[in-house]
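In what follows, a single structure is set out as C-alpha cells and then discussed.
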C-alpha cells in the first residue's frame, strides 16, 4: 500500500510539471501583475485588458468612471460638427422672432459692440407680458457667432426662494466652489471670479423686479459688477415695468458707466397679431378655417387689452380644437370654419362675461377697476411697504370706496376683479398661497395708467388722499 501511494504521488508530480510546461506564454506574462510600480508604463491593448480583468471590482469601477477628457480643440471641432448637423433642427430657436426684427437687431448690435471692445455692459429689457422679450433673448443666446464667445447664464428670478439666494444661484450656474453657505460668501466668490481671467459671461436675470428690496442693495451690487475693469460681463435684466431702473435704481443714472442701455418691447398691435397668427396657423394647416373677419376680431380684442401674443395663440388654438371636435361629431367631409359667434364666445370666456367688445373701446375701464388701480398707485407712491398683497390692497380699496359713498365689493369679488385687471396686462398677481396673500405688482408706469383710465380727476383725488392708508 505504501508503494502504491508513492507511485501515485510520483505520477501527480510528473503531471504537474507537464501542465506547467504546457501553459501558454500569455499566462506566464501575468505573473508580475502583483508588482505595484509607481512609475506609469504605457501598456498595449492586450496588457490593458488583462490588467483590468485582474484588478478588484472597486478598482475597475474607479477606472471606468475616469475617462480621458478630450482636448479643448477636439471639443470645439465636435461642437462645430454638431452645430452644422443640427442647425436645421434648431433654426426655430435661432432665427428672428416674427414682428420683433428691430429689437432682435438692436440686441445683436449691442452684444457685438461689447464683445468687439472686450469690455462689459448692462442692458434692461422692458415690456408687458407676452411681447417676446424672453423668446427674443433666447435666440440671441443661441446665435451662432456668440456661441463660442459667451458663457450664457439664464436665471428666472421667480424661481429663487429669497432675494439673497440669487448669489447662490449665480454661483451654481457658473460652477464656482464656495466654502461656506452665507450670502456674503457666495457674493464674494462671484466677485473673485470676475477678477480672474474668464470667458465673457452673459448673465440674464428674467423677472428682475423680484430682486427688489427696501434699500435695493442686491440690485445695486449686481448692476455695479459690469463697472469692474476685469468683469467681462454682459448683464441683462428683463421685467415688465418700463421705469424700473429710474424708479428703483435712481443711483445708477448718476454714473454713466453704470447706466444700463434700455430696449423697450411694446405690446403687439392688431396687424402684428394678425401676421403672427397667420404664420402659426399656416404652419399647422389651420389658416383655411379662419375667415379674415374672425382673425381680425380676435387680434383687435387682444391688442386692445394687453397685446399678449401668447393669449392670442391660446384663443386661436381653442377655436381650432373646437372646430375639429365639431367635425368628428358630425362626420363632416369639409373642414368646419370658425365663425364670428364662436370667436365672441371664447373671448367672453377668456376675458370675463361682464366684458364686451364694445365697452373696452368706448366706455373704457369700469369704475371698480379704476378704483382698484388707483388704490394700488396710492400704496406704491405713499405707502411704506411696497410689498402689496391682495388683502392689503382690498383694505385700502374699501376705505376709498367708503369715503366716496361707492359700493365696495367683498374680498372674493375683489380677487376676481384683480384677475380681470391682470388680463389687461396692467398688474400681475404672484404667489402660490391663498389668493388674498398673492402679491400685486403694477406693470405700467403712471403716464400709461393716466392715458388708459382717461379720468385724471379721479386719479388725482385718490393718489393725493394719504389718509386712506391709515396713517
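Cβ coordinates are placed from backbone N, Cα and C, and glycine is handled just like the others.
What TrEMBL annotates here:
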REGION    1-96  region 'Disordered'
COMPBIAS  71-89  compositional bias 'Basic and acidic residues'
DOMAIN    119-261  domain 'AAA+ ATPase'
DOMAIN    373-453  domain 'Cdc6 C-terminal'
- Message: Summarise the domain 'Cdc6 C-terminal' (373-453) as counts of helix, strand and coil residues per DSSP.
- Response: 48 helix, 9 strand, 24 coil
- Query: What does DSSP give as the helix, strand and coil breakdown of the domain 'AAA+ ATPase' (119-261)?
  - Reply: 62 helix, 28 strand, 53 coil
- Query: Do you know the mean pLDDT across the domain 'AAA+ ATPase' (119-261)?
  - Reply: 85
